[in-house]
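Trainee: This structure is in structure tokens; I'll ask about it shortly.
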Protein chains: 2
Amino acid sequence: MSDYKIFSLGDIVLQCGLRIPDAKLAYKTYGTLNAAKNNVIVYPTWYSGQHYENEWLIGEDKALDPRKYFIIVPNMFCNGLSSSPSNTPAPYGKARFPNATAYDNVRMQWRLVTELFGIEQIALVTGWSMGALQTFHWGALYPEMVERILPFQGTSKCSRHNFVFLEGVKAALTADAAFRDGWYDVQPEKGLRAAARVYAGWGLSQTFYREKLDLEKLGYATLEDFLVGFWEGWLLSKDANNLLGMLWTWQNGDISDNEIYKGDFVKALSSIRAKAIVMPCKTDLYFPPEDSEFEVKHMPNAELRVVDSIWGHFAGGPGTSPVDIEVLDKALRELLAS
Amino acid sequence: MSDYKIFSLGDIVLQCGLRIPDAKLAYKTYGTLNAAKNNVIVYPTWYSGQHYENEWLIGEDKALDPRKYFIIVPNMFCNGLSSSPSNTPAPYGKARFPNATAYDNVRMQWRLVTELFGIEQIALVTGWSMGALQTFHWGALYPEMVERILPFQGTSKCSRHNFVFLEGVKAALTADAAFRDGWYDVQPEKGLRAAARVYAGWGLSQTFYREKLDLEKLGYATLEDFLVGFWEGWLLSKDANNLLGMLWTWQNGDISDNEIYKGDFVKALSSIRAKAIVMPCKTDLYFPPEDSEFEVKHMPNAELRVVDSIWGHFAGGPGTSPVDIEVLDKALRELLAS
């Protein structure tokens, strides 16, 4: 009994020119679409995350209140539920799964929203990390449809430094011979663990580690326990090709890399009409506030609100830092009320 | 014809309890020891670096002027010139090379300085990165001997976050099956390249990459060219076991982890009598200024001087950022004149 539904996209052709035959978009909704169809929130998933891993922000005591809003969580391609290397039959599966951009993802999410639900207006799009990347895409690709966006700890284009950090993750994973260029029969465990260790230094700030929040707040026994239990545990629960597919999506994220904006990044930013609060975290090592500053400067209706936290990339998501989540929740309420 | 000399240490026993038989300390000197033996500068090497890779700070137009000073550059254990996994015969070589601490290194450097040269006073110890780690050790282990220290972009103890960053490097290198737990016949090239890609994100700041200094200042054609030419090129020129040996030295660096200070870090810091200028870089991702702040607060005779640069860990060394090196050179002059 799965807790989500599948929207059948049919055969689709991605920006890369390759096809996913009989493509699937897995999604879950929370709450009820009202008659006016004006209570819609779209909340895309983050790197490796599946819809249920977005739920820390949804609840009757929260801004994303399902009694009030119809919240749609679309799963990203390659996350194991929507079409992915791990669930697509030959010849398009495994290492041959085509590269999907954030543009491809959001185009198909738009089909879900319009074709299946007949929605014409979206009150809010929000998301963490790669969810923020998709949020920016919604704002830039459908400016007349999207009223508000709140991207947190994420950007509208992968920065060069962020690209390099991801190169390290990828190189560690694929250094394991068991990966077999993606044609493995069993997961390349050593590579997944190595990639997790690389990730561990990036995910949380220097001060997080200095103040030992892994022990004090997350309850791990030692630093090594945190590296094994939290980080290796995370990536061992995923499929290697799926992870690399999403990593490609992330590295190639750019709201202007499409036929609409033709690479004009500033034009794409300035086309986002939605009222926006952009929330980077001061200590995020891969999405530093400077990148968001540039974005907000070129967005006509946006406010930059830097989260003052030592949780780094994990300030707003995925449920690890209650204090920061409260700050985020307040911003979501404020934006929704405006 | 080598440009360095070997000081034979004989059989030595390290802190770990293991022996290096017939241990070698490779070193090079610049300038002439004066009759009073009071013109001595000790300048230890950095992670993977060999003595000639310390030379960017030495010259007649520089603070470290060999016409004036007798500059000793001792090579770290595991750097391929001093005793290392790659040059130590069985049964102590390769993967069995014993772990050497920074304490072990500096104890042996002290023997070189005192036994070979009869030096009793050192005007200055300075070093970059792991060279800074050794510099702090000199100050804490020989407080009466060392008059001045200038550690730059490095700390006296490996922070937890720094430890995690290095775990990522290590995991990437050892994920390559060709590493064979250290018993390789040929270098694990894939692992070395993967480790280099992991390192690339840490070495330079987000802003460095944003402003494309890899292209603008270092002359690479593209980001990928920089990753291959600069980063992979660097680690491919090294031996995997040597790199892991130095990585262990780094991760376990702590001026108080010895029989003198018995783990009392504050006591070790407050024992450093040397007049000190401690120079972290504002954007260094693994040695952030906060760690240096703590150190300086507990050192009786130290000044914190944060380098305002976007070159991250590469602000002071190894010769890549001329503007920052000038700032460093001035600080060295000022300290030497005091």
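Every residue, even glycine, has its Cβ placed from backbone N, Cα and C.
Feature table excerpt (TrEMBL):
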ACT_SITE  A:SER129  active site, nucleophile
ACT_SITE  A:ASP284  active site
ACT_SITE  A:HIS313  active site
DOMAIN    A:58-315  domain 'AB hydrolase-1'
Trainee: Restricting to the domain 'AB hydrolase-1' (A:58-315), report the mean pLDDT as a whole number.
Mentor: 98
Trainee: Using DSSP and collapsing to three states, where does A:SER129 (active site, nucleophile) fall: helix, strand or coil?
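Mentor: A:SER129 (active site, nucleophile) sits in coil per DSSP, no helix or strand.
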Trainee: Let me know how many other Cβ atoms fall within 10 Å of the Cβ of A:HIS313 (active site).
Mentor: 24
Trainee: Return the count of C-beta atoms lying within 10 angstroms of the C-beta of A:ASP284 (active site), excluding that atom itself.
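Mentor: Its Cβ has 29 other Cβ atoms within 10 Å.
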Trainee: Give me the CA-CA distance between A:ASP284 (active site) and A:HIS313 (active site), in Å, as a whole number.
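Mentor: It is 5 Å, counting Cα to Cα.
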Trainee: Counting across all protein chains present, how many other Cβ atoms fall within 10 Å of the Cβ of A:SER129 (active site, nucleophile)?
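Mentor: A count of 27.
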Trainee: Distance between A:HIS313 (active site) and the residue listed as 'active site, nucleophile' at the Cα atoms, whole Å?
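Mentor: Per the Cα atoms, A:HIS313 (active site) and the residue listed as 'active site, nucleophile' stand 8 Å apart.
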